[in-house]
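Chemist: Mind looking over this structure? Questions follow.
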């Protein structure tokens, strides 16, 4: 069969395998490529290259494949620490996840931790693959494991009763030892992923937002703010808000320029200069955002999930405690904040991931799932994500 060229006509979805070490995440990834992509063997996926995201080195393997309905980019990480870092930094975005649980072992500590992380970082949907079912002869035992997985998902506010759970064996699929537990299960799994994991809204369809990187004044024209449009579309003549650091102000975009050409609009992905009416050069600064009125609010207090770099990763050499005051780098600027650790957490060691409360000294345009770096004097010591806003 001739290799078809990559068509951009199908919706694109980013997913990943999560779950406990040795439960079969990488074997499952290989098995999916066998039936839906260009086959990648276990060792090709397992030898994941290192990447850097927000100053943190992470090993992730990327494969792609497609079903009749969608094109998928799939990430698989070799080690548990890579999952933690990947999910917190958003190095590889996940619109949904396949949770792999060994039927022979049931849910294990990392199963729980990955579900919790998925909740904290806002992974929208999870589908479960109950792997190694060829090692379990007892149907009642399988039902017990399934029940345990559903209870665990519900505990972390996923709809445990509705989530599709597919029983199979990645190894059987790779070795063709059982069609039912192998190929059929993999095809059932991808049907479930197709139907249960929602297609993400494209950035261009979301409300307009552009982080401000720079401000210029052009004599006779007014003030220009530049940056890369993160999402949505801005049209000349539209009203926008400037949010963060200072009190929110409204203004009108009177011009949009890209590569020195005047445009009638800027859209997600474009690096633009926006000419804004009635705003002085000193009224607007890097670190604020330009956005659709009412779409984003400034906040100072939030709950976050963060990963703290190890000494070897260039992070701190010592632990920190409640009242730690680093800088939080949101989008384009650093803001000092005070950390409050949860009850029962005495201190945080380099290499830990932790839930914490943060109070910033000035408000920043913020919403759930916004990512940030934790820095000390310009050096990255951690990465985090806003899990919920307090005020």
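Each Cβ is built from the backbone N, Cα and C atoms, and glycine gets one as well.
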Chemist: Labelled region 'G1' by Swiss-Prot, one stretch among 19-26, 27-34, 35-42. Can you tell me which?
Modeler: 19-26
Chemist: Would you please say which range out of 68-71, 72-75, 76-79 has the annotation region 'G3' in Swiss-Prot?
Modeler: 76-79
Chemist: In Swiss-Prot, which of 127-130, 131-134, 135-138 is labelled region 'G4'?
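Modeler: Comparing 127-130, 131-134, 135-138 with Swiss-Prot, region 'G4' matches 131-134.
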Chemist: With Swiss-Prot as the source, which of 55-59, 60-64, 80-84 is set down as region 'G2'?
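Modeler: Based on what Swiss-Prot states, region 'G2' spans 55-59.
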Chemist: Using Cα coordinates, what distance in whole Å links residue 77 (GTP binding site) and residue 26 (Mg(2+) binding site)?
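Modeler: Distance between the two Cα atoms comes out at 8 Å.
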Chemist: What's the number of neighbouring CB atoms sitting within 10 A of the CB on residue 77 (GTP binding site)?
Modeler: 24
Chemist: Summarise the region 'G4' (131-134) as counts of helix, strand and coil residues per DSSP.
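Modeler: Counting residues per DSSP class in the region 'G4' (131-134), I get 2 helix, 1 strand, 1 coil.
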Chemist: Around the C-beta of residue 25 (GTP binding site), how many further C-beta atoms are within 10 angstroms, looking at every protein chain?
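Modeler: Other Cβ atoms found within 10 Å: 26.
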Chemist: For residue 22 (GTP binding site), which residues in the same chain are close in space, meaning a Cβ under 8 Å from its Cβ, but six or more apart along the sequence?
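Modeler: Residues satisfying the criterion: 102.
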Chemist: DSSP on the region 'G3' (76-79): how many residues come out helix, how many strand, how many coil?
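Modeler: Counts, helix then strand then coil: 0 helix, 1 strand, 3 coil.
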Chemist: Which one is it: of the binding-site residues 19, 26, 80, 133, which Cβ has the fewest other Cβ atoms within 10 Å in this structure?
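Modeler: Among the binding-site residues 19, 26, 80, 133, the sparsest Cβ neighbourhood within 10 Å belongs to 80.
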